[in-house]
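Scroll down for the structure; my scribbles are underneath it.
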Amino acid sequence: MVRFIFVTGGVVSSLGKGITAASLAMLLQAKGFRVSVRKLDPYLNVDPGTMNPHEHGEVYVTDDGAETDLDLGHYERFTGVTACKCDNITTGAIYSKLLKDERLGNYTGITVQVIPHVTNIIKDFIMSNTNGFDFIICEIGGTVGDIEGLPFFEAIRQIGNKLKNANCLFIHLTLLPYVKTARELKTKPTQHSVKELRAIGISPNILVCRAERNISKSAIDKIALFCNIKPEYVIPAIDQKNIYLVPIAYHNSGLENKVLNFFNINVVPSKLDKWYDIIDKIKDSNSKVKIAIITKYHKTQDAYKSVIEALNHAGIYYKYKIDVLWINAENLTEENINKKLLDINGILVPGGFGVRATQGKMIAIKYARTNNIPFFGICFGMQLATIEIAQNLIGIQDAVTEEFKIKGTKIIEKINKNCEDATIKIKNAHISKCTYSEAFECDASTVYTNIHEDSNNLSTDKLQIETNFRNMSDIEKTMRLGAYPCNLVANTIAANAYKSLEINERHRHRYKFNNEFQNIFEQHGVVFSGFSQNKQIVEIIELPELRWFVGVQFHPEFKSKPFEAHPLFIQFIKATIEYNKSNEQQ
């Protein structure tokens, strides 16, 4: 029988509900249980794909092409379980489905209301696709008291009433603010948060209290008394220097054992060797390298969350600390770049969209290329690298990308329908796992076929959804989302890094390198080391005569994990370490 665990938050947002849910999932896995983690977001956007990264952070892309909340990245990195679109839902997706069903007459003329119709969709989402799991952990976005979150809280309240304590547990994460003048942690906000939660019919079974310092026994007893919870079920969540220390901190507090005790499940020893190994490497990391990330969305680091973590994973691999220097590309010029990038060991240009800040990024790419500094370009970063090479190395002064809609030689062009299934979203998920959530993006014009990217190689493990193009915008038609296979060229940087000639990586782009220019690029030393299966889309470029200069069309950061760093990030950090050592010897 599957058991449901709901993680809610109070007092303030950004307390770490996603890290808590991911940590608990990992700790239960370490005891041999099968766990799925899901995120329910109350905002009205259908998905975060069109949201400003300054507001929402990065868009995390799953294998099956879903644009999801960045917390799914935490779930994958902590548990190693591949997420899919059925692990994330929003109010926008719910209302989109509900209104389509109403227009199609599926509600047979009755009055459609928040209760029961919206809440029923939420409950169906939570309780679907549970086969094969011992626990389903659901994180509810936002904080208790938010008006947009009320249908979600009502839905999980109803689930709790139906399943009772034997199969349902509520974890509430709150903040204990430290008041310097009083020299103590204040419990009153937590008390009021629990009061708010209980007012809508949910009594938390476990309280996780976030604090910047240790919580005294008297404070825990006070929280337990006023929140009607046993003291042993008040779990401290003390700030950690590294997020990968959080799971072990929860383990030391007995979080997973408290969960098992609540469900009357026998507690068995945990297998946490790989996590202790990670912690040892983090603590042994005394040396560091300095990486400049050339950003467009500079106001929040969450816009590049997976990139940061992938760098850290490679740092853990080599027992090196990664010192990230955030560079606002809009402020980067030929005149100030020497000063701004002083003493850096590597340059990374991540993905992005639009013309803003591109000039600064290209200046950084030129600086890396001409000064032989390790460079890594991801998605748009690779595209800009080809434009910089065209302009400054090959001599195509008017080289541009079609995305900017300006006159010039289009080195980067829009993906078209001839580019190997690039006009639709490939669904690479486990088909049996995603049966319910497909209803949120399919309508009567949708046709399902089981097909591989190569039409001559049928495969039942991939789901291709071909949607009526008349109902799609031009942007939707050309977006290439999700995991696609890629063939590598032997004896290249990429092939040596992966130790394989066939890989599978996640994509999120609607433009590609113009293959008409491949020959002239090769004549100037560029190696095209990765292609889509029919060679229509360039996936990887290299400048092998330099220390390390690689651009990739995909997003390798989405597949990196603390215990399995991505091979390209490993090689990039290796190059920065060697570059740093060579500078120290001079």
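Quick reminder: no glycine exception, Cβ is built from N, Cα and C everywhere.
For the region 'Amidoligase domain' (1-265), the predicted model reports an average pLDDT of 95. The annotation region 'Amidoligase domain' is assigned in Swiss-Prot to 1-265.
Under the heading CTP binding site, Swiss-Prot lists S13, D146, I147, E148, K186, T187, K188, P189, T190, Q191, K222. Of all the Cβ atoms in the protein chains shown, 8 others lie within 10 Å of the Cβ of I147 (CTP binding site).
In the three-state DSSP assignment, the secondary structure recorded for K188 (CTP binding site) is helix. In this chain, none of the residues that are 6 or more apart from K188 (CTP binding site) has a CB less than 8 Å from its CB. Among the features that Swiss-Prot reports, UTP binding site is placed at S13, K186, T187, K188, P189, T190, Q191, K222.
Annotation source Swiss-Prot lists ATP binding site at S14, L15, G16, K17, G18, I19, D71, citing sequence analysis. The Cβ neighbour count for I19 (ATP binding site), using a 10 Å radius and every protein chain shown, is 22. The secondary structure of I19 (ATP binding site), as reduced to three states from DSSP, is helical.
What Swiss-Prot records for D71, E139 is Mg(2+) binding site, and it gives sequence analysis as the kind of evidence. According to its DSSP assignment, E139 (Mg(2+) binding site) is in a strand.
Under the heading domain 'Glutamine amidotransferase type-1', Swiss-Prot lists 290-582.
Under the three-state DSSP scheme, E403 (L-glutamine binding site) falls in the helix class. Residues or ranges marked as L-glutamine binding site by Swiss-Prot: G352, F380, G381, M382, Q383, E403, R510.
Following the DSSP three-state reduction, the secondary structure of C379 (active site, nucleophile) is coil. Taking a C-beta cut-off of under 8 angstroms and a sequence separation of 6 or more, C379 (active site, nucleophile) has the following same-chain neighbours: P350, G351, G352, H507, R508, H509, V552, Q553, F554, H555. Summarising the annotation, Swiss-Prot assigns active site, nucleophile to C379.
The domain 'RPE1 insert' annotation in Swiss-Prot covers 429-473.
Residues annotated as active site in Swiss-Prot: H555 (among others). In the three-state DSSP scheme, H555 (active site) falls into the coil class.
Residue density at E557 (active site): 27 other Cβ atoms are found within 10 A of its Cβ, drawing on all protein chains shown. Residues annotated as active site in Swiss-Prot, with sequence analysis given as evidence: E557 (among others).
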Between I147 (CTP binding site) and G16 (ATP binding site): CA-CA distance (Å): 21
L-glutamine site shell beyond G352, F380, G381, M382, Q383, E403, R510, criterion: Cβ within 8 Å of Cβ centroid: G351, F353, C379, L384, T401, I412, H509, Y511
Other CB atoms within 10 A, centred on S13 (CTP binding site): 12
Candidates S13, E139, Q383 (binding-site residues) - the one closest to Q191 (UTP binding site) by CA: S13
Which same-chain residues, if any, lie at least 6 apart from E403 (L-glutamine binding site) yet have Cβ under 8 Å of it: F353, G354, V355, I412, K414, R510, Y511
Max pairwise CA distance, angstrom, over record-listed ATP binders S14, L15, G16, K17, G18, I19, D71: 12
